[in-house]
Amino acid sequence: MELSDQEWKHVLDIWTKVESKLPEHGHEVIIRLLQEHPETQERFEKFKHMKTADEMKSSEKMKQHGNTVFTALGNILKQKGNHAEVLKPLAKSHALEHKIPVKYLEFISEIIVKVIAEKYPADFGADSQAAMRKALELFRNDMASKYKEFGYQG
């Protein structure tokens, strides 16, 4: 699966806007992931004790993690699909250390699209959303391939 130059333009144009508030957007995505898919919370040792949205919103550690997630994702997206070297350490840690199933990457991908659409409705129309979904699918597929290389079936 490849994205066209125009699709990458859509992805990177909106990502430029997202980067202006990376910690906030990343934090919101992590909160929504844990709320909409509570089963994912067990994979986060430092967050599994949090039960309320208020606890999550006030967590500096969760905000930092959201920033880490979005920083890594931005680095991957900017590679325009040529992300094998950037992806390898991420896939290794997610497969062997954190044991994050690919299904959870699907969950967070959809939440990322929703949050960006809510924050930037005028700049993230149907074509941009479709391009982002495609870029995130490429990321997930490549993560799944790397998982298999590391012997994790996730």
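Positions of Cβ are set from backbone N, Cα and C atoms, glycine also.
Taken from Swiss-Prot, the feature O2 binding site applies to H65. Per Swiss-Prot, the feature nitrite binding site maps to H65. Annotation source Swiss-Prot lists heme b binding site at H94. The domain 'Globin' annotation in Swiss-Prot covers 2-148 and is backed by sequence analysis.
Looking only at other Cβ atoms within 10 Å, the busiest spot among the binding-site residues H65, H94 turns out to be H94. Under the three-state DSSP scheme, H94 (heme b binding site) falls in the helix class. Secondary structure of the domain 'Globin' (2-148) per DSSP (helix as H, G, I; strand as E, B; remaining residues coil): 114 helix, 0 strand, 33 coil.
Of the recorded residues, the residue listed as 'heme b binding site' and H65 (O2 binding site) place their C-alpha atoms 14 Å from one another.
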